[in-house]
Amino acid sequence: MKLTEDDIYRTSTQYRNWSFTPTQLALQRQKTNQQASERVKAAVARQRAQRVRQPQADTASTSESERNGSGIENGSSTPIPVGDQEVNCLTVEEEMKLVDTFCEKALDLGKFCNFPTEVTATCIQFLRRFYLFNSPMTYEGQNISRTAMFIANKAESYFLNAENYAARFGPKATAEKVLAPEYLIIQALRYNLDVRHPFRGLKGGHLELIELANGNLAALPSATETPAELQAQMLLLPRKPDGPATRMSIAELEKRITDAYGFASHILKTAALLTDAYFLYTPSHIWLSAHLLADEPLTLFYLSTKLPSSSPMAAKTLATIRSCATLLSSHRSFNSDRIPPSEKDARDKKEKEEVQVLVKKLRQCRDPDKIDLVKLNQAQKRDAVEGGGLEENKAKRRKLQREGYQKEAEDFWGPELAKGENREGK
């Protein structure tokens, strides 16, 4: 039996654990938001109750803070809401906007550190997976992003020293801070560190189109046209959908193919990473959708060489690709280079102001129990050591029991014969 690429992909953790429908995604995000909101409110209520029980002398300094309306400062300079006012938690839409911002910042982080495209892309997918089941109210984005990038380097087989990596972010960043949330993130990812990207598929499609343009690509067994006939059809492809046929030279066709590859590659490195495309579509769907946006007639011709119009899968496949293309083109990065600079600046300014408002709101609804990840990590290690001590005591008791059983056996059967000793004692 010969396995196809589809068969292999269906065995991946990305397909089995991280593929969803739009409805499933929406429900999971709603559930995550609700659970995080309940935890935040419970934690804040518990801290308020603790403050009420403190002696008046201990609360003198905090009362001054309350009069100033600044809240109580924790180790991360994040104010905890005071008084009896209800905590104003983030909505699902606000959480998604913050997560999208975290992912955009991860793109900048990858460029700042000169990491390969695959590393940055893997980091962003780790972030989107992590925040599908965790809320920004619980875990702050900057620390999680830096650690996710550190994990992505290892997942993509690039060695990265934690101390050298942390040193890039200034004196306040330490290797301990980078490593503190590492296990937390890996656990949230269900230990699924393999991310299937569409980059290699796009490169393969580009090479196939170049071979088709030169009349060298071997036709599929089901194909009815020869390579020369396919080449002739390509040279007459219209520039736009439903446009008139054009006559191109082979050199012009190769340039057109290369231009489409460049634009599609840009889409894969931006819009594809910053949307839910990886959750909703396969890598093949994603790269074909990006190529469709780059050059629709060329992409449709390529698809016709794989799936003839008579195939029952042709219409379904094309509908899925168009749906993915709609998602990719909806992201603001898709047309950033096409709109006037003044319009782009105004849009970016508005976006920045909206994010700043959300960040300010986030500071007032953080989970106070999850702010200092370094201390949390140290506490978990302490618990593990103490638990290990208990396990060590159990192991010692079991060893003593085994030695006792062995002694009883020797008393009954006699000691074990030495090696090389026979029955005659020779």
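The backbone N, Cα and C atoms fix where each Cβ goes, and this holds for glycine too.
The region 'Disordered' annotation in TrEMBL covers 32-83, 382-426. What TrEMBL records for 42-57 is compositional bias 'Low complexity'. As annotated by TrEMBL, domain 'Cyclin N-terminal' applies to 113-193. Sequence annotations record features per position, and here TrEMBL assigns domain 'Cyclin C-terminal' to 197-328. Annotated compositional bias 'Basic and acidic residues' per TrEMBL: 401-410, in sequence order.
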Local confidence of the prediction over the domain 'Cyclin C-terminal' (197-328), expressed as mean pLDDT: 93
DSSP-assigned states of the compositional bias 'Low complexity' (42-57) in counts, ordered helix, strand, coil: 12 helix, 0 strand, 4 coil
Three-state composition of the domain 'Cyclin N-terminal' (113-193), taking helix and strand from DSSP: 51 helix, 0 strand, 30 coil
